[in-house]
């Protein structure tokens, strides 16, 4: 019974398993890209508007927001790279 | 120059070196897109110009030097500049010489820095008398620059044909902003247009994703497999000048000299041309490959320095591909820097020299050490932990933020528009240099057209 389950989980193979497209010389997953664009943008603009209205504070808050967004995305999104370490060179 | 300022410069150099050692190792991290927005933010924040210059110099050194790691270990270029080196680095990898490859590239970078810093500072001084001649022509200089860069590029006809329409788009938007009062009349929105051009190809791809047929017809990929060979442990720490053979040092030095003098030409073109030329006379494949990579890296560093420092010190206007791209915020970042008031006018000779030396020395030492000692760990960290999506998100959000700061909500649509057009032109074969030159010459072109 258990094996059927795993099979179902793995079933959408073939065309659908290839979900990544190439943007700027590396692969991205469309859904993850959209999430990342939204998270970073909201954090950046949010930081900008929440900051005390005395320059250059809004800019720094905005930048910090963008970087925080970047960190959040890096934690939740898995890179689409398979990393294979081979043994010592001969 | 006070002690506090020097301390700030050292801190800026250290931060830039660490930051760009990580960002620079990520695949596809273009120098303009990664360095220009951060530098811009720093300029706008009102930090002392000498601190910003130190940050910038440290960033370009670290960003270029760390290329050695992804290129040598995985054969993946970390930016446009390292693309020509991949082929040769792969030869070394095939012979099991990944470590040698990293060290040769890193040492080439150190040689390039060593040679080009004094040469660029000297050339800049020597060019000062000519600067008045060049500046007399003022505005048309950029138009002539756009035409010249277009003629020198691979797709010259499409580049030439796009000068007028693209200038029209830029000035058209500026006049619209004046008309509706988004910015005071006469204020040229610049920063966000510049960034829009930089990430134009990405914006175009994002719009294509919104089209159902386009999206479904896009090439789909599975995950990208990256093979990495385990490098050997390093016993004693290597001296960069001992790693290169005599011939490699001589050739790298020559290449750096050429790169410094030819600061006005495209860095990628120069690197490919001279790297291949110098290496072509060597037969042994390993010897040839290591000569090619060390020479190319030295030359690339040299064009970075000369392309930034010479226009900055001698002219104060961006007249090299480097100063039009990554170094642009040092010349023009309104309201802090304008072409009449930027680092060229503010900083003294001593400021320039100390900023360059502090930035270059700290980044070279730090990144060289890290690249040689921890190549494995960096590669693993960047490839496993930093998703490309997050990098794109970061740059996109910075562009949005600066677009809003430049001219309000309407400018976000304006930036998307310029991004789409610039992206299409870029795909048609118009290079960044031409597009940036058009951005600079647009006011003059339209004024002349209107008569």
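These residue numbers are counts, starting from 1, taken along the chain as shown.
Cβ atoms are placed via backbone N, Cα and C, with glycine included.
According to TrEMBL, the protein carries these features:
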DOMAIN    B:11-431  domain 'DUF112'
TRANSMEM  B:6-26  transmembrane segment
TRANSMEM  B:38-62  transmembrane segment
TRANSMEM  B:68-86  transmembrane segment
TRANSMEM  B:106-128  transmembrane segment
TRANSMEM  B:158-177  transmembrane segment
TRANSMEM  B:189-210  transmembrane segment
TRANSMEM  B:249-274  transmembrane segment
TRANSMEM  B:352-372  transmembrane segment
TRANSMEM  B:393-426  transmembrane segment
TRANSMEM  B:432-450  transmembrane segment
For the transmembrane segment (B:158-177), sequence-distant contacts whose Cβ falls under 8 Å of one of its Cβ atoms, 6 or more beyond its ends: 146-147, 149-151, 183, 188-189, 193, 407, 410-411, 414, 417-418, 421-422, 425, 428-431, 434-435, 438-439, 441-443, 445-446, 449
Other parts of the chain folded back onto the transmembrane segment (B:38-62), taken as Cβ under 8 Å at six or more residues beyond its ends: 1, 5, 8-10, 12-17, 19-21, 24, 31, 109, 113, 191, 195, 301, 304-305, 308, 326-327, 329-330, 333, 336-337, 343, 346-347, 351-352, 354-356, 358-360, 362-364, 366-367, 398, 402, 405
Contact call for the transmembrane segment (B:432-450) against the transmembrane segment (B:6-26), three or more Cβ pairs under 8 Å: no
Contact ranking winner - B:6-26, B:68-86, B:189-210, B:352-372, B:393-426 against the transmembrane segment (B:106-128), Cβ under 8 Å: B:352-372
Confidence summary (mean pLDDT) of the domain 'DUF112' (B:11-431): 87
